[in-house]
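Chemist: So TrEMBL lists the following for this protein:
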REGION    1-22  region 'Disordered'
COMPBIAS  1-14  compositional bias 'Polar residues'
DOMAIN    55-161  domain 'Amino acid permease/ SLC12A'
TRANSMEM  58-77  transmembrane segment
TRANSMEM  83-104  transmembrane segment
Amino acid sequence: MNSHAQIPEQNGETPTRENQARPILKRTLAGEDDAKTQAIISELVYTRQGLKQRHIQMIALAGTIGTGLFLATGKSLARSGPLIMLLAYCIVDMLICCVVLSVAELSALAPLSGGIIRHAEWFVDPALAFAQGWNSVYANAILLPAEMVTCAVIIDFWSDVNHAV
């Protein structure tokens, strides 16, 4: 049996086209009496679309063309050759595609605020969400120093060309 959820006011205002609130249909679930399920359903009442198509395309382009593409391919190409490197990239790309499609399916199923950390909490365990959160903090903390080292490696490549550099 399907029943439509009432669209409650959000922060004292009724959802309009301007604030882009989208109601989501509420279905009768088997474990609907569960407090966690009720909390998630109440959170799913509104989702906001904040990124435009061009934003998503630029994020995808920046994630595809990274610094590792320019630094790591030289040694790999010299050691293994173009065919082996292409096969290795294809294998890794298939694995990454599976992960990205899985995250997209989770986001389509339950558009929670908080991204993959909230999905780990809801679908697996809060301990996994805790670990994923700290992994994200660590990854973001070492991102800037890693990019600085990459810039130093690239600049070091040209240092013998001109003594002024």
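Numbers here mean position along the shown chain, with the first residue as 1.
Each Cβ is built from the backbone N, Cα and C atoms, and glycine gets one as well.
Map these features onto the structure and tell me what's around them.
Modeler: Per DSSP, the secondary structure of the domain 'Amino acid permease/ SLC12A' (55-161) breaks down as 93 helix, 0 strand, 14 coil.
Listed as Cβ neighbours of the transmembrane segment (58-77) (distance under 8 Å, sequence separation of 6 or more from its ends, same chain) are residues 51, 85, 88, 147, 150, 153-154.
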